[in-house]
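As written in TrEMBL, here are the features:
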- 9-57: domain 'DC1' (DOMAIN)
- 67-111: domain 'DC1' (DOMAIN)
- 118-160: domain 'DC1' (DOMAIN)
- 172-222: domain 'DC1' (DOMAIN)
- 232-253: region 'Disordered' (REGION)
- 232-243: compositional bias 'Basic and acidic residues' (COMPBIAS)
- 259-321: domain 'DC1' (DOMAIN)
- 457-506: domain 'DC1' (DOMAIN)
Amino acid sequence: MAEQQIQHFSHKHPLIFKKEQNDSRLVFCSACEDPVLGSSYTCNQCSPAFILHKSCADELTPEIHNPIHPKHPLSLLPPKDDNFCNDCDQPCRGFIYDCLECDFGIDLRCASKWKNYCHDHKFTVLKNRTIKFNCDVCGKDGTVDLYLCGICQLMVHKECSWLPRHIQIGDHNHRLKLTWRFEAIYSKKQSFCSLCSRPMDQSRAVYYCHECGIYVAHNTCAIKNAQITDATKETTPDDDPQHKNNQTKSEPAAQISHFSHQHRLTLITDHHEVDKDNDHLDDRINTCNGCMRPITTTDAFYSCAGQEESSCHFFLHLICAQFDPKRHFSLHRHELTLLPRAPSIDGVFRCYICNTFSQGFGYYCDNKDCDVYFIKEEGFYLDLHCSILWEYNKSLKHEAHPHHDLHFNIKQGRIYNKCKGCGASSECIGWFSCNVFACNFNLCIPCIKLPPTARHRYDDHRLKLTYSVTDMLAEHYCDICEGPRNPKHWFYSCSDCDFHCHPHCILGRYPQVKLGGAYKHDTHPHPVTLVDKERSVIPSDKREHILDCQECGEPCEGLVWECSECNANIHRKGYCISTKEDKSVSQREMAEQQILYDEHLLMFKEE
């Protein structure tokens, strides 16, 4: 069969279509700079290889109108050594949308992030200055009280800056949304107002129906015909009742059978009713078996219906019970299967993205052709939190850096970033960083996962995650471990009690692992318990209990198997674990779980 090939405008040689990548190393798209894991077009004549995602080769628009540069269209251009993005102020090694008339360009990431439903930035008010300008909303000239957005290049009157984001008019079924530049969302060069039938001005703010895509009105016409209801208040798409109704068309079932558990699960929405008869339903100690994060008093969750007879304390957040049993992720080329428990002795796995241990649900690649460089020695796993971060939160706002968005990045080569939260060099494959070069702000995924508040058993107040101290020169200590605390790093604090501590001292070094569970180990005659052993920060601390490994003689630190009968420790990972044991457990448990998966998939399809 002849090879499928194309001649792309960005490259001089023909590009050959590949359904899957067979390289033994991670390769990145020459257009968007993201990893290439699925189908692609590749040049076989160039070294280093020129490669494009199939979507980047086929679907990128040759020309766009973007609100960050409204005066001229932006044209798609191939990579050049001196390309620079005017939005994030970073060098651009991939494709760029460039203005052919101005010295202006933006990379693909910045070009795709703009949402034109409404304005998301605060205006800068220039008062007491005589500046002549033409308002981008009403089109009239002004000289005082200029409201300016330098990012979007908007100049508006004071009264025009307060337009409602959503309005409802009498002759249309859907709400209309404010769009600051009509040209950014409407492809037709000539259109007419649905209310007055006069031509639309492509560069002015309009009210537009995103439901039907054809109803558009001048902002002045829409305001005149607006109904005085709650629809004229400032709202976001998430506040839209119609949007909420679409999301909650089907109420969650009161009881379900979930493939991860042998008993039926009951939906709990009122914690107070349950707390009367069940002391174990305490929001401080309850943990979701799916994501291994706490279940708070505001969370809806599923609880084991047979817990009274079997003492089975199994809980799942409502959202954790709804994850698909099989999924494709853009990060990995193969379909991943949701495992309720990793096929290891203690059910612990290491997440590929954040490089941390977890004992909850995990998406796993069971493809035998999966490359060794990708799956490491443990296998390719994604915990539930990281699967959400990768697919749905590629950019987010964080309290610690409120001025700019943080963007998800994949580490290329041996690039190590200093995390602003913990100060460590990021060992995870992904991290969040600010694209503004002057900020130099990076966060590792474990710091992104830190909850905003935490509880300590000896403190009646919730401790708040705190990002900075008031006195950098003073000495700072942790009130739990009594060791020194770096004032530049994040910590949990209670202002009422003057209590401060390291995040790992209150949450644990392995917050997604349930310590204390007993397991059968074939190389040891007694059950072993999974514990965390850490050296004390206090010199000659008698509380420190670090023992040498029974198998190799080296000190046991970190996740360790402990036998209380023998007072013996065994390293959890490495040459101290029987590889043969792990493989036999994996095969046995995978066979048992496959039966559950098949039953669940059948049930999933029927629903």
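Just so you know, glycine gets a Cβ as well, placed from its N, Cα and C.
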Helix-strand-coil residue split for the domain 'DC1' (67-111), DSSP-based: 4 helix, 19 strand, 22 coil
DSSP-assigned states of the domain 'DC1' (457-506) in counts, ordered helix, strand, coil: 4 helix, 13 strand, 33 coil
Average pLDDT across the domain 'DC1' (457-506), rounded to a whole number: 89
